[in-house]
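Student: Below you'll find the structure I mean.
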Amino acid sequence: MSKTVFGFIFGPNLYLVWLYDRMASTIYFETCPPLETGPLVSARGAVYAPPNVERLTDRFSRVPVNERYNVAFGGSNVHMTNNGTNADVSLDKTSGSGLMSKNKYYYGFFSAAMKLPAGFTSGVVVAFYLSNADVFPHNHDEIDIELLGHERRKDWVLQTNIYGNGSVRTGREEKFYLWFDPTTSFHEYSILWNNHHIVFLVDNVPVREVIHNTAISSVYPSKPMTAYTTIWDGSEWATKGGKYPVDYKYAPFIVSLQSTEVEGCILNKKSNVSASCTRSSLSSLDPVDGEEFAKLSSQQITGLLWTRGKHMFYSYCKDTARYKVLPPECNAK
């Protein structure tokens, strides 16, 4: 089946049905009377309860924001709270803002508990990501979690993407609707990156896994990267392809961070080599690149299938209109 159907109550005796044609990458609407078998459900909002998965965030220590991060830009819009344990980063007419990790990492586990801006947030981009574009401007690596604002409060979109060795011409985006309102409480957004795979997680539930195999090895992120948390104006593309820009009458747009988790292989700034870690083999001595982090558990696989089956609405591997020849990893077994 190439179509995904979402239903919304439109009136007492009518449903508005939104159909997303994955093969054609198009969206259209139809109306229909209520179903006799019960109401239609939507992948948006708190409709589905996620499966139980182990809490990867419990394996690592929470640390104050100011212990791991410095201000990256927009200093006047960055405010440390609770003695530096937490932080607010904001976007207004003058500037966006962001934080960057004090260290660079060859791999690691990176997580931030964030509460997103409420209200009309079209064009706003909140990004939690890894990048080395400052050091390798022409062949940089990047691992992205981007949260894209919307013209309706609950409809924040989660977008994931990766680049390796400057492969920016091939976007590897996948997009998801969240199963909760990200503006009312804190939720965990996490990235596990090692030599075996990259895993994107939300509240410890995997939403995407990029396995390091021969099909993707040439563009698999491999150079030391800095972790960033930012908020900025993405009016040109973020909401409906730029249809809805940022409306600054609703500013400031504030993202609150409630502690962070950062653990991995740190680049030695003086010698430019890794500090006490190796990528040569599986090792239980390595807390992030070791055997227990080399593949997903059965619970995590269940969670991954759940998010992709119920909440993913776009994958570059299905976008044949964009890619006449799909990237090789799309067909890898």
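Backbone N, Cα and C define each Cβ position, glycine as well.
Pasting the feature list from TrEMBL:
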ACT_SITE  E142  active site, nucleophile
ACT_SITE  E146  active site, proton donor
DOMAIN    26-257  domain 'GH16'
Student: Restricting to the same chain and to sequence separations of six or more, state which residues have a Cβ under 8 Å from that of the residue listed as 'active site, proton donor'.
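Tutor: The list for the residue listed as 'active site, proton donor' reads V125, V126, A127, Y129, L158, Q159, T160, N161, given in order along the sequence.
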Student: So what pLDDT does the domain 'GH16' (26-257) average out to?
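Tutor: Overall, the domain 'GH16' (26-257) comes to a mean pLDDT of 89.
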